[in-house]
Each structure stands twice: as structure tokens, then as C-alpha cells.
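Asks: Can you keep this structure in mind? I'll have questions shortly.
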Amino acid sequence: MPGIVVFGRRWGIASDDLVFPGFFELFVRVLWWIGTMILFTYHSGRFDCNGRGFLHSYLVGLLVILALIILSLCAIVQVSAKGTITNPGPRRSIPALVYLRALLYIPELVWACLGAAWVSGDSKGCDPATVGAVIAAVVASWILLLFTGLGVVFVFDPLGNPRRAAAAMEPLGVRDLQSNEGTQFLSTARSLAVKVWESRLRLLCCCLPQDESHRAAFSSIAQLVGGFFSDTDLVASDIAAGLALLHQEQDKMELSRDPDAVVDHSPSSPIGEDLEAELEKAAHCMRFAAAAYGWPLYVYSNPLSGPCKLSGDCCRSRAAEYDIVGGEHLGCHFSSILHSTGLQYRDFIHVSFHNQVGPPPRPPVVCTPLCVHFRRQHPSGQFFATLVMSLFQIYEIPFYVALDHKREAVLVAVRGTLSLRDVLTDLSAECENLPIEGVSGACYAHKGMCQAASYIYKKLVNDGILNQAFAIAPEYKLVITGHSLGAGTASLLAILLRGSFPSLQCYSFSPPGGLLSKALADYSKDFVVSVVLGKDLVPRLSIPNMEDLKRKLLKIVSNCNRPKYRILLQGCWYELFGGDPDDFPTEMDNRREEELSQPLLGEESLMIRHSSSYQSLTSDDSPARSAAHLPLFLPGRILHITEDGPSRRSCFSQVRYRADWSNEMAFRSILISPRMLADHMPDAVLQALKSLTSERPFSLCPSSLNSNQHHAV
């Protein structure tokens, strides 16, 4: 529901969000009141120290203040628990109760100051236990006041000033928003939202240089995020409740499906032996894709042995290695790659880690023959290398090139997200034209990853890195791989290099769903294999999918007839302990649909009338549901790996996997699951592939036994 309006502005919480914080504070206040009452009763009439009259008055006043606070909290919790998310009528008295509770902070602050004054001045000669109790009361008061202040800052909404909205709505009335004025109001709201999000991004990325490229990226991301959230009036807890409801709804739909349902294979998707061969290749390439993350993932995957293995290599002088390694931190990244891949130093052609956060302790060397020559001829060239390092921009993600003698391949591995610059690349989700010769149809791709692929392409081709590799091993083939951000960049890099290397192959692990246009996705099926584990969020993450998720959240939240605190409690229990999904209502009646069509400022409304994403909610296939953003798809053929067995299992049971070919339409909807983020981790993907290739007779299922998990919910 809309955020609560108090003190002349709208806040980032709703009137039904005060149940849990109110109950927690109520619990603390009751214990505090009981302890104070015990202390007062025990010492009643026997205060035999200096300032005993002041102490007696202090304890009486504290009991009265705590009692008033307890009563106000009881009223807030009771009223906040009434109604539903979209029915705030029973909670209309919440603003008045909030004002009352705010007034009680004044005497509490005064009493905390008086208690501190008594302890510092008149407490001499008193019972140490009594003095300690007063000190504890004063400290508790200040702690609660501090947390209250932090809470106010946390729920402060920069877009919450209702004056502009009221002025825009006043001439027309709440229910008669005309087209021109409504469009102007929506445009103003979005403009303000973009400015706020741009300021947030600059604050979050304050350690990055505020140059022109970063400012452009901040502006682009702010427009995307601000535009996405500007047509809804949901607070964070509403979204959390909607996700809990949607997860149970999806599980309920999955349980109700026909267990004999079979997923049809794409005509271009082979089965049988080809699937086994691709799994072997994918498991091999995933080691290189995971190694590109350097020492953080290596230590995370090997918490006991990893630090010991790297400790002898880090900080060791390796002057010769810096001819191929750029932007390294103490040598730990390159050492972890050697341990992860099993390759030797001589097998590497180029290694770059230049966009790590923070300046490297040793000046980096730009990995080009010109820079190497400059450094050897001019020792002072370290300053030149450092200067070049400072000019590195976003979209320039690390990668390495090595000779894989086992598979007879020149392997290019692109790193996934590991720095703020990588996050900015991920969030630059606008479409960018990517014309490819011989591909008919619209050719466009994810802007950030397209820019990153172009950067690596120029490094590989213009700097002669690939020429150097194939001069050493001319009979080898080109293989490109990466995970997550690296997977999307690797797929686009493969498309760019396809004309020069017709036999190249690309293995893309957990690639982002919003990557390629349909024409480019079909074109990449001949040389790109995407591997997706379980209900991984990232391969299903695209702007149209997010719009679809937002629409589903609005539908299910608007129809639930239970208070929010019960939804969140039951949702937490379901996520932790499982059980049967609750039977929540999911279909809208006419009354609810009409309420959803009302303007933003209506107390019961959840969205703006003129949003392009919500012109109609009556049908999922409605023409009005045409996406405002161009559709983007996963690259290549898609190999989907799922757990074989019940979705809920004990922590000590061995996980078994199954794999089969899927298609891009199976990933056109976001699936809510506790593992939607865990399934994206590179170590989880690597473990699943190792399990499949080492226990294939037990974990690899033929297509006739394919699970219905390949269907999009």
C-alpha cells in the first residue's frame, strides 16, 4: 500500500509495517518497566544516600514514562495488525498514534539527561547495584533513541514530499485524472526519481572517479531504475510479502502439474551422446571461468587449504610474470589461477586484472608490447603505467588468454562481477545495436556487456594477443568462456569473432537473460552453449521479466485477504522449514481490478493509471502487455541442470542432478526460490557439472524422463 503520511511527507514504510518493530520495542520496554519496578519496590523508603529524593522522583517518573510508552506501543501494534495490504481503513488512526509516540520521546530524552546528571553528581555513597541500574536505564534510553534516529533515516523517502503531487492532482480531483495532466504528473515523478537514484549511485560509488563515462553510466542506470519503480506505490515490505506469496503460488502450480509432462526439444537441440559430450566440455571450461575470479573465489571454495596454498605465492617477487599480468594485487590472483586450472606460467599469453577496487601495491604494467618495451627502456615508465591505469573506464572487465593443451584450444576466459565497475556494467541494461554481417533481423544486445565485449575484442585483435597465441599453437581452436557478466560478455565476444574464427566455441555459464535479440540468439546457437543451474535468477533477469514480476506481485498482493505480518511470518516459516504452500487467493474480481486502475494518490491504490506496463491486467496475453523495452534472450543452446529429487532435502543428503536441453522460452519468467541466488554462484555450477560428469549413469536423465521443471511458471 502507499507509504504512511506523517509529519507532512510520505515515508518508506506503510501503516502495517509497525507490527514487528513495535512488538520488539514493546518487549524491551516491558522488561525495562519490570526491572525498574523491582528496583523501586526493593529500595522504597530506604534510599539512604546523597540525592535520594531525586532518585526516588527519577524512578517514579521513569515508571510513568515507560507505562505511557508501553500503552502507546500496544495501541500501535494492535492497530497496525488490522486490515490487509490494500485495505488500510482499519489503520486510519496510525498517524495519530505515531504522533503520540513521538511526543513521548521528549520526556524520555529529558529523563535520560536527568539520570546521567544524577549518576555523575549525586550518586556517591549509594548502593553500587542501584547506581548500575540507573546507568543501565540511561544507556538503554540513549541506545533506543539512537536506533530510532537511524530508523527514521532508513525509512526516509526522498520522493515523499506530497505537495507536488497534491498540486498536480488538485484541479482534477483524485478520481478524475485527465490524460495530459496525468502524463505530466507521471513525467515529473519519474524525473525526480531519476535524480534521486543518480544521487544514490554517486554516493554508493563515491570511491570511483567521477569522470564523464561514470556520470553517463550513473544517469543511464538511474533512468532505468527510476522509471521501473516510479509507477508503483509499494513499500519494501509489500514487495517482500508479494515475493513470499508468489513463491508459494509458484510451488503450488508446480505441484499441481501433470508429472508425465515432457518438454519438447528445440529442433536444433541434439540429445543423447551430444549432451554427454557437451557436459564434459562444459565441466572442463567451467574451471577456467571460475578461475578468472582470482583469489576471492579460490579462498571461498577452499577455506582451509586455499589460504595456505596462496600464502607462499603472494608477495613473492616475479618480475618476469608482469610482462603478461596487468593490474595484479600482490600476485595472489595469478597464483590462484595456476592452482585452479592446473596450467603452467608458460601456458598464459595474457592476464589482466586491471579493474580491481583500490590501487595495487605494485605499479601495474599495461599488457601491450609497446608498454613492455617502454618499461624496459625507461624505468621511470612506472609512472606512465600508473597514469594509464588511472584512465581505465567501466566496461573494461578482466580476462585472460591461455593455451589449453588438454583440449587443444586457445582459451579466453572473462571474469564475472567482482567490482563496482562490474556492477555498473551489469546495470547498463539498455539495448545497443550490434549489426552482424549475415544475420537477418534486428540485431541488438545488452549495452554494458556489448561495450565490454568490444573492449576485449580490440585488445585481442588490435594488440595481437590472439595472433601471438596462434603463432605458438596454429592448430588449436578458439574457445571463449565466462560466468555471469563474463558469460554475457563471452557470448557477445564470440559473435564478434565468429567471422574471423568460424570454428570457435563459447561456453556461457549462468548468462544474464536480457542479453541478445532473437536474431542474434538464434545465430549463436551454432557455436554457443549456455549452462543454467536450477532456478538461478540471473538467466531469468531482464527488463520484460522484471515488468512481468512486478505485474504478478501487484496482482497477488492486491488479492490477499490476510494482514501483512501474517504473510511475512508464514513466508519465513515456509522458506526455512517447508511444508505445504498456503492457499492464497490469486484471481482478481472486478472490484479489485477497478481499484488497481485508480491514480497513485488514492490511499488504496498501488499503481499509476497511465503506466505503460499496466494498461490492462485482465489477461497475461493482452496486447496492452506489450513490453516497453525490447525483448532480450539467452545466448545459444541452453543446457539446464536441475536437482534430481525433492526440492526439500536434509542438509546432509547428497545432491543429485539431472541435465537436459531446454529453450529460451523456459526462462521468460522469474522463479522465486531460496536458491535463486545460490544457484548462480560459480562454485555451485562447477560442483553440479562435476557431479554430472563423475556420476553420469545415475544423475543424467534422458529426455523421456525430463522433469517439468523446464517449464516457465
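Every residue gets a Cβ built from N, Cα and C, even glycine.
From TrEMBL, here are the annotated features:
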TRANSMEM  18-42  transmembrane segment
TRANSMEM  54-77  transmembrane segment
TRANSMEM  98-119  transmembrane segment
TRANSMEM  131-156  transmembrane segment
DOMAIN    412-543  domain 'Fungal lipase-type'
Asks: Please indicate, using numbers and ranges, the residues of the same chain that are 6 or more beyond the transmembrane segment (54-77) and have a C-beta under 8 Å from a C-beta there.
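Replies: Sequence-distant neighbours of the transmembrane segment (54-77): 18-19, 22-23, 25-26, 29-30, 32-33, 36-37, 39-40, 47, 94, 97-98, 100-101, 104, 107-108, 111, 114-115, 118, 122, 126, 130, 134, 137.
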Asks: Which value does the mean pLDDT take for the domain 'Fungal lipase-type' (412-543) in this predicted structure?
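Replies: Average per-residue pLDDT within the domain 'Fungal lipase-type' (412-543): 91.
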Asks: Checking distant contacts: for the transmembrane segment (131-156), what same-chain residues at least six beyond its ends satisfy Cβ-Cβ under 8 A?
Replies: 11-13, 21, 25, 28, 32, 35-36, 39, 55, 58, 62, 105, 108-109, 111-112, 115-116, 118-119, 123
